[in-house]
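Student: Got a structure for you, questions after.
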Amino acid sequence: MAFMSGLWNSIVGGNEKEINWNEFSTLYLDSRLKYFSVSEIDKEASPIVYAEAHKITFNKTGLGLSYTPLNFVTIFHIDTRKEPVIKCDQKTLSTITKITLINRLQKEEGSQFVSEIRMPSGHVDQPVIEDNRDGTVSIKYDPREEGVHELYVKYNGEHVQGSPYKFHVDSISSGYVTAYGPGLVSGVSGEPSQFTISTKGAGSGGLSMAVEGPSKAEITCHDNKDGTVAVSYLPTAPGEYKVSVRFGDKHIKGSPFTAKVTGEGRKRNQISVGSCSEVTLPGKISDNDIRSLNASIQAPSGLEEPCFLKRLPSGNIGISFTPREAGQHVVSVKKLGVHIQNSPFNITVLDQEVGDAKKVKVSGTALKEGKTHSENTFTVDTRNAGYGGLSLSIEGPSKAEIQCADSKDGVLAISYKPTEPGYYIVNLKFADHHVEGSPFTVKVGGEGSNRQREKIQRQRDPAPLTEVGTNCKLTFKMPGITSFDLAATVTSPGGVSEDAEIQEVEDGLYSVHFVPKELGVHTVSVKYREIHIPGSPFQFTVGPLRDSGAHLVKAGGAGLERGEAGRFNEFNVWTREAGAGQLAISLEGPSKAEIDFKDRKDGSCDVSYKVDEPGEYRIGLKFNEQHIPDSPFKVYISPAVGDAHLLEVAQFPDSAQVDKPTQFYIRLNGAKGSLDGRVISPSGKTDDCFIQNIDGDQYSIRFMPRENGVHNINVKFNGVHIPASPLRIKVGKDDADPAAVHAHGPGLGAVKTGAKTDLIIDTCNAGMGILAVTMDGPSRVAMDCTDVEEGYKVRYTPLSPGFYYMSIKYNGHHIVGSPFKIEATGENLAEIGAQETSSVTVETVQKVSKSAQKQGPVLPHFKSDATKVTSKGMGLKKAYLNKHNQFTVHAGDAGNNILYVGIYGPKGPCDEVQLKHKGKNNYECWYVVRDRGEYIVIVKWGDEHIPGSPYKVEV
């Protein structure tokens, strides 16, 4: 199908194939731009339909804390005199629900509360805030929808602790029996499914429950002694279960409920195959200029998305995009924010060019049933469906290998190969909309692979709150090293960096100590031999946490990279920033695992595991039922080390240079076997090392690095890693520091569907590195990344409402705050199915801020108040010749800044001035004068005079 426009010179077509994975992941076929991208996410069972209703409580006079009937007014009572900590008074005043928040901060003049309600439909409503004039405020709200609502409460622009709060609204009045809970809609085979039944005020009558499904489900009940009953049932096979709840021989509202139970250890594999329209625009462009150009296309409805740019063989610029609607579109091409010549351009999209999922034809029995260890094939015909991306995800008990064969005429043969029997969910979307029949439920039979799975769960309590001036601690376990090779720095929210103290608590366990001087998010960098340890840089919040959730949990350690059969392998998990919640640790592989857990009581813990069989294992880490970043982790467990533990590394260099041979030595110490070495570069390229016997048991290992950055050297003996492997070495000037990268902009906050948004990733003074941005959410996003003065601008357009998680990595390390949780609201422009992943990768260049170029080091942004500085001493009133004249300055309550003292007399500056910091922003100053007369003493806290300055002193 040809794409027509009078304003474009030519159309890229033909049968030439061209691949550029990093920039576009595109493959050109039959006058259509087709791109292939593959990503895989393993996760445990997630229900197809899921809405967890939070606990509903009842009492005789009405409905309770988390349950609000329609058309009743709810009052949230907020006490601003103490720290925000939620307390439930459990009282129900007729139809008024009351929640008390205690806030330790004294209510200040000019401070204010802001509140909003997010309804189940996604719409936002504004409650009424009333000042009670006693240090408290009341929030009143009249609900209009059934379901779970979220109350957002902000104090001086920041969420109070616990915000947002969730409460449930129902239209059933008191006196009816109701049931609620996740076990009524979903479940995981082999795990208890739970729900609650409330009979408060329902009178006398018999209560009965039944569960019907593919397996017998054992039911247990517990009377909570408050008019509610906790019910749990254990399904042992996946499938659909009917949960019946009767009161007085009659079904309660909603009964029988349908719960979809999936197999445990759900895995997901995903593949995308897309067709876009590509056109050229007039004018020539160089390869260097293309880096600073960006393009976007705006549809007639106002939907604006970034589109891809490339330099064509003719020298023209080519753009590709997926038409979403017919009509005139406007394409803007800009360089550093300014339109290039002839931009914007107008193009017309015809009806037949718009992708239509309804016109996609799908056929094949593999969408109904399949077999393990076999290729299950079905066909997808997109010939009459226009331009659009085809995305496929398969979720089930195993990660099904997916293959896609294109016959070059718009018909694709797709096959999947699962390794475990059970129920699989197949999501098939074209142009971001489900094709007819999607999602498909497929029953897969056959033999499994006998993979063993072990899981433990531990409740994580919130870490103690830290304050300014208190000792803060971050611990980590890293056996087999010395503290002499460790270094740590802490950067405050104002940008001030200081060295931190590292102490060895016990063998292999270390703690970083620092005393913060301001509230907010600090960055803690911990390096071993000048290389960030796994998990570093860390986020450390001083004061109340501003956010919580699984995306703020970090994990790292040797046990997540490799392991040895028959011995315990360890790694760290840091949950401090995520708040309270349940941490679930699962391990799946050829043999059953023994998992041990040790809580350090400071928001971190040590996890160790032992397996008997070597092979590939998957370690899943979930916090409050959500995977943490980078989970699940693939770990290869090697056979028992044997003689490999005898080997020693000698003369390992601290650094190396590009294109210069580097070597070190291995002593076998009597071990018998073969030695092998391979080096892995930062870009992922693998090369063999040259190994030569030097003398008896001593060997040299030599390699030639070809690029700058941290290289990993795998040294194996008889196929097993030696204890120190992989060895890490820094090659060349690798000054890429993820701790120095920061992100800001509207694209990290609340965004709207269909509206293009952006953010800036500041890489100034962070060195050169690989910048990788990944977006996971309910829809794919068109995303690009362009060069700007302070770093890189990322633009994207979300299509579906919901939460998106943006991971920003620099040289493989998350920057502080990554992944960022972003909420999109607005109209749904694409059908929601499985989680979608979009990504862009850029090789950065050295960036230096303008202020740094002109002025040298950049001063941090201080938060201070000079009016709170006090000073005293005779040296501010009267001075004597040739003597030490003293005064003191106290700035302990004035925040952080720089103290400036200057003394000027009749003949010029004072001869001698000395200033000494006594701790906690208290200073002692003395000066010596040689001439009589009137002097001026200037004392500034930053750029502001302190009260009384300038002083007049008579000598």
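Note that Cβ sites are derived from N, Cα and C of the backbone, with glycine treated the same way.
Because TrEMBL annotations are produced automatically, they should be read as predictions rather than curated entries.
Quantities reported herein were computed from a predicted structural model and do not represent experimental measurements.
Residues or ranges marked as repeat 'Filamin' in TrEMBL: 61-169, 169-261, 259-349, 352-444, 442-542, 545-637, 654-731, 733-824, 861-955.
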Student: Per DSSP, what is the helix/strand/coil residue tally across the repeat 'Filamin' (169-261)?
Tutor: 3 helix, 49 strand, 41 coil
Student: Which of 352-444, 545-637, 861-955 has the most Cβ pairs closer than 8 Å to the repeat 'Filamin' (654-731)?
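Tutor: Comparing 352-444, 545-637, 861-955: 545-637 has the most Cβ pairs near the repeat 'Filamin' (654-731).
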Student: Verify whether three or more Cβ pairs under 8 angstroms connect the repeat 'Filamin' (352-444) with the repeat 'Filamin' (733-824), leaving out any pair fewer than 6 apart in sequence.
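Tutor: Taking Cβ pairs at least 6 residues apart, the repeat 'Filamin' (352-444) and the repeat 'Filamin' (733-824) are in contact, with 3 or more under 8 Å.
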Student: Using DSSP, break the repeat 'Filamin' (545-637) down into helix, strand and coil residues and give each count.
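Tutor: So the counts come to 9 helix, 52 strand, 32 coil.
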Student: For the repeat 'Filamin' (861-955), DSSP counts of helix, strand and coil?
Tutor: 6 helix, 52 strand, 37 coil
Student: Take the repeat 'Filamin' (861-955) and average the pLDDT across it for me.
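Tutor: Averaging the confidence scores along the repeat 'Filamin' (861-955) gives 87.
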